[in-house]
Ligand SMILES: *[C@@H]1O[C@H](CO)[C@@H](O)[C@H](O)[C@H]1NC(C)=O
C-alpha cells in the first residue's frame, strides 16, 4: 500500500523536478524532531488559510533549519511550512518551559482578537502527522474580551524508534490586552504507544461518518435504481424497436392495415443522423477532453484505493497532475480521431484546442481566485514559479503527448464508418411539442443521474470543505460506475425520443443530456453552501463557488462524454439494422 503511494510520489516528484524532503520516519534517542507550523485559518472554512506568522506569534530560540522543500501539490494547496523554533528531542520529555515572548502592540492585538472571534485555528505537522489547535476563544463574561491560549502541551506516542501518535492540547488562557507582553510556553511528554506505524493515520479517519448506514443505504438504493433502469430501457427498446423494424419491413410482411404505410419516427431521419454536428471542432475537442477526464478519474480512483494518499500532504494533487499529463494521448486519440471522422480539416487547431480547453478553464478560474487570495494575503495565492511549472507541464508534456494521440487517432480511427449515407440536402426539422424540444430533454435527463450521486456528493463536499479525510474510494468507484450506467441509459432513452420527433441533432443533445447532471450538482452546492457550511466573506465565497464550478464543469464533461459514447453506439446499432433500398 505504502509502496504504491511512494512510487507515484517518486514519479510525480521526478517529473516535476521538485524534490520532497527525505523522511525516513525513524529516530535515534535525543535526535531532533521538527515541529513545522503550517497555516492559520477560520475553522468554518478549511480551505481559507494564511501563513502561521501572519498572526503575531513568535518563534522559539532554536535555529531554523531552512525552508521546507515544497512539492507542486503542496504549493498549490497553500501548504506553507515554517519552522516553529521549538526544541523537541526524541524520547526526551520537557517540563513546562517558555520558548518565546512578544509585546503585543495595538495592531497585534487587533489581528489576534479578530482571529479569535472568528474561531481561527492553526495547523502543525510533527513527523508528517497533522495537529490542529485553537488560537483562543471569546470571553464568555465580556463581549469584547478575547482569551488567548499561551501554552501548548505535546503528548507524543512512540513505538520503537518511530513516532506513532501526537496530541496537542492548548492551555494557559490569558485575557488578551493591547500593549502587554505575552509569554508562550510549551511542554513535551513522551509515552510508549502500542499503535503500529502503518496504522498511525487511522485515528484521523472517521468510519462512523463515512461508513454510516446512510452511505451504504444510498449505494444500495442507487444500485437498485440501476437494475430497474437498465431493465426498463432494455424492455422499451426491445419492444419498440422490434415493432418499428417490423413496420419498416412491411413490404416483406403482409401489410398491416393500422398504419397506412406511412413511415414515421427515427427511421425518417436516416439520411441526416450522421450529419456532422454544429461546431465539429469544438465538439470533438470536448469529447476528447471527456475521454481524457474519464481515464484520469479511473486511474486516480484505482490508485487511491491502493495507495493511502492522505498520509502524504499534497500527494493526491501532485499525482492527479502527473496522471493528467500522462493520460493526454487519450484526448488526442479520441478527439482527433473523431474530428477526422467528421471530415474536419484543421486538425492541428483541433489538437491545440482539445488539449488546452480544460487547462485554460482551470487556469481562468484559478487566476481569478488567485487575485482575491493575493488581495487577502492568503497562503492560497499560487506562487509565480508554481504557475510557470504548471504552464511548462502543459506545453512540454500535455501538448506533445496529445499530438502523439492525435496522430494515432487520425490514422487508426479516422475513417468514417457510418451505416447510412448522408443526404445532400438537410431535412427540415418538424415542429414538435415543447416536451420534445432539445432544451427540455437536456434539462430532464440530468435528474436521475443526480439522484444516484447526491449522497456521495455530500460526503465528498464535506471532506473537501470540512475536516474529514476522504478515504472510502471503494464507495467512490461504485458510485462512479453507477453514475455512468444511469447516464448512459437516460441519454439513450432521451435521444430515442428526440429522434422519434424527427430531430436528428442528437450529438450535442446527447452530450448535453449527459452533462446536465452537473447543473444539478452546482445547484446542490449552492444549497450546501447555505445550509451545511458556515462560510462567510468574499474570499470564501469566491473560492467555494469558483472551485465548485470547476468541479461541475469536469463532471459535466465526464458525464456528457459517457452520454455521447453510449448514444453513438446505440445509434450505430439501430441504423445499421434498417435496410435501405
Ligand atoms: C491522544 O489522545 C487520544 C484520545 O484522547 C488517546 O487515546 C491517546 O492515547 C493520546 N495519545 C497520546 C500519545 O497521549
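The backbone N, Cα and C atoms fix where each Cβ goes, glycine too.
Note: TrEMBL annotation is automatic and uncurated.
The signal peptide feature in TrEMBL is assigned to 1-20.
The transmembrane segment annotation in TrEMBL covers 216-238 (among others).
Per TrEMBL, the feature transmembrane segment maps to 281-307 (among others).
For 319-339 (among others), the entry in TrEMBL reads transmembrane segment. A Cβ distance under 8 Å defines the sequence-distant neighbours of the transmembrane segment (319-339), meaning residues of its chain 6+ beyond its ends; these are 8-9, 11-12, 15-16, 72-73, 280-281, 283-285, 287-289, 291-292, 295-296, 299-300, 303, 309, 347, 350-351, 354-355, 390, 393, 397-399, 401-410, 412-414.
TrEMBL lists 351-376 (among others) with the feature transmembrane segment. Here the transmembrane segment (351-376) has long-range neighbours at 50, 281-282, 284-286, 288-289, 292-293, 328, 331-332, 335-336, 382, 390, 394, 398-399, 402-403, 406, 538-539, 542-543, 546-547, 549-550, 553-554, 557, meaning same-chain residues at least 6 beyond its ends whose C-beta is under 8 angstroms from one of its own.
According to TrEMBL, the feature transmembrane segment maps to 382-404 (among others).
As annotated by TrEMBL, transmembrane segment applies to 439-461 (among others).
The annotation transmembrane segment is assigned in TrEMBL to 473-499 (among others).
Annotation comment: TrEMBL describes 511-530 (among others) as transmembrane segment. Long-range contacts of the transmembrane segment (511-530) within the same chain: residues 283, 286-287, 438, 441-443, 445-447, 449-450, 453-454, 457-458, 461, 483, 487, 490-491, 494-495, 541, 544-545, 548-549, 551-553, 555-557, 559-564, each at least 6 residues beyond the stretch ends and with a Cβ under 8 Å from a Cβ of the stretch.
Taken from TrEMBL, the feature transmembrane segment applies to 542-571 (among others).
Cβ atoms under 8 Å from those of the transmembrane segment (216-238) belong to residues 448, 451-453, 455-456, 475, 478-479, 482, 485-486, 489-490, 492-493, 496 of the same chain, restricted to positions at least 6 beyond its ends. The stretches the transmembrane segment (542-571) and the transmembrane segment (382-404) are not in mutual contact, being linked by fewer than three Cβ pairs under 8 Å (pairs 6 or more apart in sequence). Taking pairs at least six residues apart, the transmembrane segment (439-461) and the transmembrane segment (473-499) share three or more Cβ pairs below 8 Å and count as touching.
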